[in-house]
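The block underneath contains the structure these notes are about, expressed in structure tokens.
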Amino acid sequence: MTKYIIVTGGVLSSVGKGTIVASIGFLLKSSGYNVTAIKVDPYLNVDAGTMNPYMHGEVFVTDDGAETDLDLGHYERFIGINTTRYNNITAGRVYFEVIRKEREGKYLGQTVQIIPHVTDEIKGLVKKAVDDTNAEIAIIEIGGTVGDIEGLPFLEAVRQMKLEEEENLMFIHVALVEYLRVTGELKTKPLQHSVQELRRIGIQPDMIIARSILPLDEETKKKIALFTNVKPDYILSNYDVELTYEVPLILEKQNITKKIFNKLGLEPKEPKVAEWLEFVENMKNPSKEVKIALVGKYTKLKDSYLSIKEAIYHAAAKLRVKPTLVWVESSDLEKSEDEINKLKDVNGIIVLPGFGARGVEGKIQAIKFARENNIPFLGICFGMQLAIVEYARNVLGLKEANTTEVNPNTKYPIITLLDNQKKIVQVGGTMRLGAQKIILKEGTLAYSIYNSPHIYERHRHRYEVNPEYVDLLQKYGMIISGVSENGLVEIIELKNHKFFLGTQAHPEYKSRPLSPSPVFLNFLSVASA
């Protein structure tokens, strides 16, 4: 029988529910339980694929090609699981399924309503995600904040689940406790009100995790307990720490797993956290520093590239180095020649993924600077494509070379739309997505990085290297070190360079704290040498 932990949020969004879910998942899995985590997003988009990164942060791609919420990245990194499309449930997907079933006559003439049809669909999607993994414990994060109108059907669905699974389900409420510096007080009133709102809906939290600058003192816990009907022992602190990866450790210091085991009637087991603790210690005690420039078009919101940032941290911990990240807005490089000076003192340059024409020439300038100055370079997805454009312009002499994504009428279409994309009109969910096989060429940098004849990495793109130019690129010294099963260029590199690698894939999605991405590990190793 699967046990369920439902995590809700109060007071404001972005209070850290995703990190809490991931941390609890890690602790339970390291205790020996089979765990899965599910993110519920109440927005009407079917998935996150068409959202602007400034609005929603990065799109996290799963092995099966789902474009999902970035919280699934937290789940994968912390818990060490591979999620699927079933681990992200959106209101758009729920309503889409309900309307489809109504049109197909699946409801046999009933009046289709929020209760029971929408709530039943939500519960069915949760069950599907759980059944797919045979999870012993499923942690479900309800996105948004208690009181949001769009979240009400999801809260009603989990309220019904509690009725059906009385002994097998618990609620954890995560809410902000603000610290007033002027008076030196922790203010609990907003948290109290958010719990009151939950109780009006019919949900009584079993545990509260208070997000605050400082740990909660015992008096504050007793005050919260009095107004929320939650025992003081079940009120925990998620206070400010240096690293997100410390959150599981501070929760376990407060005996969170014992409390969960007790509430759900599970056999108590001790979580094994020694390796995780070593990882955290390595991050906090580096032996030297490495400065990495990240060149992209969404750098004002760092969460737009969250998995890349975390992949750097994973590799840095393994190497015992401190990464200083220099965020460079690619469009700024186009404004003045002086802007390129930002790259002079860095130890490595990563050109980040991103669609569209804005900032493209700035990215190309950064690539040229890395290539000509022998600075370790990594180009990811669009970053790889633009590395080829730069090479075509400045080495092959094809000055008007471009990608047809930017200039459909370019004289030299070095990057062009994938053949199977040319007749596609629909935007959402239609790219080349998910884990794809890459065949590596022996004797290359890519082969030495992975130490394998073939690998699987996740993808998210519509454009490819134009096969008509592959021979010419190789003639002028570019190495095609990885190709797909049907011959698409997947990885490129250059000889006589410290480290110059472009990959069509997104290796950051599979990086984990205890098993860093080989690409980032090797890049950072060279950059920090």
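Note: Cβ is positioned from N, Cα and C throughout, glycine not excepted.
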Which of K222, K223, K231 belongs with S13, K187, T188, K189, P190, L191, Q192 in the UTP site listed by Swiss-Prot: K223
Spatial separation of H506 (active site) from M384 (L-glutamine binding site) - C-alpha basis, Å: 11
Distant-in-sequence Cβ neighbours of E508 (active site), under 8 Å, six or more positions away: S307, I308, E310, A311, I380, S517, F520
Nearest recorded site to K223 (CTP binding site) by CA-CA distance, among recorded positions T188, P190, R462, H506: T188
Fewest Cβ neighbours within 10 Å, where candidates are the binding-site residues P190, G354, G383: P190
Largest tally of Cβ atoms lying within 10 Å of a Cβ, found at which of the binding-site residues T188, Q385: Q385
Rounded Cα separation (Å) that holds between E405 (L-glutamine binding site) and S13 (CTP binding site): 35
Q192 (UTP binding site) - helix vs strand vs coil (DSSP): helix
Neighbour-count leader, CB within 10 A, binding-site residues: S13, Q192: Q192
